[in-house]
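A quick write-up on the structure given underneath.
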Amino acid sequence: MRLRLIAVGSRMPRWVEEGWQEYVKRLPAELSLELVEIPLNTRGKNADVARLIRQEGEAMLARVQPGERVVTLEVEGRLWSTEQLARELDRWRLDARTVNLMVGGPEGLAPEVCARSEQRWSLSPLTLPHPLVRILVGEQIYRAWTVLSGHPYHK
């Protein structure tokens with residue numbers, strides 16, 4: 001099974017990379033979790049933010065192949081318990097398509113990305129810093145896998 005986290009933003013602090021890698025390395029070989037970073041466009045005082053978001057969205061969608069699943073991470077998405085995420089992960093595995101988890105920039109996701117989405121997932125009703133979202137997604141995917149495999153990590 002192949003999961004891809006496509007996230008706007010690059011040049012994250014070392015602790016973010018280390019946190020992400022900690023959970024990626026724990027996953028079994030049959031569950032691949034890849035990070036694809038989309039550069040954040042420069043936001044100046046007079047920037048056309050709508051245009052920048054659209055460009056970031058185009059770059060995100062360019063990484064998605066036809067037929068692949070798109071899941072957007074949005075505050076307005078569905079909140080899943082660990083067990084619900086484990087069920088989704090199992091469905092995704094049975095579906096046998098690459099799953100792209102999309103995380104937008106500071107202003108969110110482009111409408112085109114949301115329109116392509118098959119599912120909307122919310123980690124929390126709180127506004128979370130994007131670097132932390134990467135680690136949370138990695139940990140939650142790992143935790144969901146442990147539920148499915150009967151591993152004692154999730155008790």
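Every residue gets a Cβ built from N, Cα and C, even glycine.
Just one of Gly57, Gly104, Gly105, Gly150 is listed by Swiss-Prot for the same S-adenosyl-L-methionine site as Leu73, Leu123, Ser124, Pro125, Leu126, Thr127, Leu128, and that one is Gly104. Note on the binding-site residues Ser124, Thr127: the fewest other CB atoms within 10 A surround the CB of Thr127. Annotation note: Pro125 (S-adenosyl-L-methionine binding site) sits in a coil segment as assigned by DSSP. The DSSP secondary structure for Leu73 (S-adenosyl-L-methionine binding site) is strand.
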